[in-house]
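A.B. asks: This is the structure I have questions about; it appears just below.
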Amino acid sequence: MVDGTMISRTTRVHQITSFHFSTMASQLLLIGLFVASCSLALASDPSPLQDFCVADPNSQVLVNGVVCKDPKLVQADDFLFHGLQLMGNTSNAVGSNVTQVFVAQTQHFRYFNGSYYFAPHGINPPHTHPRATEILVVISGSIEVGFVTSNPDNRLLTKVLEMGDVFVFPQGLIHFQRNIGHGYAVAIAGLSSQNPGAITIANAVFGSNPDINGDILAKAFQVDKNVVYQIQSKF
């Protein structure tokens, strides 16, 4: 016969062990959530710890971004860019032109700005900025804009903007702009990263180097392979 005291002690040991495992699991879960939160917090450009950071193109230091010039050497010209009012060439397949103004072009600005020029019915094709939120301000004309939410909903949110209207495109989501007026349209854009990245969907999918296998794209878009090859040939 097993002593009742022994059973009670054994049960107590199991309860204590289960409690410790449960507590440990909760602690691990909290640590995991904390690490995930930190990862999300660090997934964008870090907040500035000084008044400004003007890029130093002559620095040999390699960092995730650009190195800041000594603030004592910064001049007013480091914050100036000429030529945004000059219309770019819109005689291309999509009927638009983007004048980029960020660190790769100016060697000064850490955050992207630029002007969009649209010929009548011109578009800025569906694309994403993996590292930045975009804000668009319409200077003239009528521009239809929109973005698509992520899976599984894939909701399309669109709006027609007029002069003075402002629209925000969330980071990483596919978005587009289209001139729906009869004349030229102009907009100014700003993005929240020194290197926002741009992935034009059609170019990436149908203009990759080398080509993505036609069978894959035919099944993905549910079209005949010949249609895929025809589209790929345009890129």
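The count begins at 1 with the first shown residue.
Glycine is treated like the rest: Cβ placed from N, Cα and C.
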A.B. asks: Say which of CYS38, CYS68 is recorded by TrEMBL as the disulfide partner for CYS53.
C.D. replies: CYS68
A.B. asks: Between the Cα atoms of CYS68 (disulfide bond) and GLU134 (oxalate binding site), find the distance and write it as a whole number of Å.
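C.D. replies: Distance between the two Cα atoms comes out at 24 Å.
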A.B. asks: So, by DSSP, how many helix, strand and coil residues make up the domain 'Cupin type-1' (82-229)?
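C.D. replies: The breakdown for the domain 'Cupin type-1' (82-229) reads 23 helix, 55 strand, 70 coil.
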A.B. asks: Distance between HIS175 (Mn(2+) binding site) and GLU134 (oxalate binding site) at the Cα atoms, whole Å?
C.D. replies: 10
A.B. asks: What's the CA-CA gap between GLU134 (oxalate binding site) and HIS127 (Mn(2+) binding site) in angstrom, rounded?
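C.D. replies: Checking the Cα atoms of GLU134 (oxalate binding site) and HIS127 (Mn(2+) binding site) gives a distance of 12 Å.
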A.B. asks: Provide, as an integer number of angstrom, the distance between the C-alpha atoms of ASN124 (oxalate binding site) and CYS53 (disulfide bond).
C.D. replies: 30
